[in-house]
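What TrEMBL says about this protein:
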- 293-302: compositional bias 'Basic residues' (COMPBIAS)
- 335-346: compositional bias 'Polar residues' (COMPBIAS)
- 347-357: compositional bias 'Basic and acidic residues' (COMPBIAS)
- 358-374: compositional bias 'Basic residues' (COMPBIAS)
- 2-121: domain 'Formamidopyrimidine-DNA glycosylase catalytic' (DOMAIN)
- 278-390: region 'Disordered' (REGION)
Amino acid sequence: MPEGPELHLASHFVNEACRELVFGGCVEKSPVSRNPEVPFESSAYHISALARGKELRLTLSPLPGAQPPRGPLALVFRFGMTGSFQLVPSDALPPHAHLRFYTAPPDPRLALCFVDIRRFGHWDLGGKWQPGRGPCVLLEYEQFRENVLRNLADKAFDRPICEALLDQRFFNGIGNYLRAEILYRLKIPPFEKARTVLEALQQRRPSPELTLSQKIRAKLQNPDLLELCHSVPKEVVQLGGKGYGPESTEEDFAAFRAWLQCYGTSGMSSLRDRHGRTIWFQGDPGPLAPKGGKSRKKKSKGAQRGPEDQVEDPPPPNKAPSRTRRARRGLPEQTAAQQPKGTSLQRDPEAPRVPEKGKRRRQPATSGRRRPQKIKADTPSLEPEETSAS
């Protein structure tokens, strides 16, 4: 899923690719998209982009003298699971190009496309950022830090730190792979209480006796969690390319994969949080780890399966059809000689017949009255509460 760095890289791509291009005509939406139509038409306009957290704003600006006369239009995109922008020849549109901006004549014409394979992405007209999202971890670090430390009484911080990091009201731009990398570098258990982790940062202030260069060096050598929420996404941006996503080239993805230290790498453990998202970590998961959740380790390719693997992943049960199933399928019954070895027990013909496990023998009725059937009371659904924008 595209996170803050991917949105930032996408805005950089749009600005670089479209800098010298003049677009013209109507904006075209695919008929299968459920997103709104874009009522914009101009004979000549420029396109620019700006990212903030997990959103990207695209601005269409008509050039002087363009017809019909009109003002600029802005759209705000959220990429969902697979959103991205591509610039392609107008006669070779990629599949799943759900919004298309065409360059003005003469030929050869190009198309800037918003491509979204799974169609979870969304755009809104008007250019306003989604209400409730906090400051961007990449571009608004000081406001981001202040917003988190000022709101530690919020119930979002009662939860594990791995879940709080996905709350876009406070961590706008952080997603699944970034949270794993940040917690891993600080050796913080993912299911430690968020408030416990962050309250310590309220008291953290550099000594007034340190010079400015000494303060900067101390921050670089011993960054806290909020500082890593800013610096780790910057590292991904500095890798270049398009970051983590379905449209990344093999070279882009190889660089990103080499950069990862924890997320999806061999030797790391994983658990699902209460929203069903996998968190990767090393060591103790923390006191708020889900009860009954089994931690699984990522194995390197070609690794030998040990005894512990055989316990975790038992062999599948015998698939030989039962007598009833065989009769239903019209298959002949198996004789004792034909039965697979070890799948049946010899029964003493003189021994009393024991009812099969799980089946209750029917008792003869003693009266014409039937016992009333017990009805279980309905239990309330325990669905996870949605507290943050994705």
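Using the three backbone atoms N, Cα and C, a Cβ is placed for every residue, glycine included.
Those TrEMBL annotations? Automatic predictions, nothing curated.
Mean pLDDT of the predicted structure over the domain 'Formamidopyrimidine-DNA glycosylase catalytic' (2-121): 96. Here the domain 'Formamidopyrimidine-DNA glycosylase catalytic' (2-121) has, by DSSP, the following mix of helix, strand and coil residues: 14 helix, 53 strand, 53 coil.
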